[in-house]
Amino acid sequence: MANNMKSATFCKATWAIFLVALAILVQLKGSEAQAGGCASQLGNLNVCAPYVVPGAVNTNPSQECCAALSGVNHDCMCNTLRVASQLPSSCNLAALNCGN
């Protein structure tokens, strides 16, 4: 049971770090991205980084983080997660299995 919790926590943390890194990358490359609006929305999520790092002392997001998150279009977030979930197989890596 403890290993499952550690695995799930690690997987969630990995995804969170990946999404924050992706958001920063998208912000840097935003002008090159085809979906500029989505890229800009994701880029604003960098203010949420302190709350998604494993072992973070404060896991309660700031108002700034919540505002940035509320500014991300539902389809933008879902499409980003879908594309991100396909990256491991595109790199010939095992698919992520994060559990619940």
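Heads up, the Cβ atoms here are built off N, Cα and C, so glycines get one too.
Not measured: the values here are computed from a predicted model.
Note: Swiss-Prot links CYS76 through a disulfide bond to CYS38 (candidates: CYS38, CYS48). Of the listed cysteines (CYS48, CYS78), only CYS48 is recorded by Swiss-Prot as the disulfide partner of CYS65. CYS65 (disulfide bond) sits 31 Å from CYS91 (disulfide bond), counting Cα to Cα.
Sequence-distant neighbours of CYS48 (disulfide bond): residues of the same chain at least 6 apart with a C-beta under 8 Å from its C-beta are VAL20, PRO61, CYS65, ALA68, LEU69. Ranked by CA distance from CYS38 (disulfide bond), the disulfide-bonded residues CYS66, CYS78, CYS91, CYS98 have CYS78 at the top as the closest.
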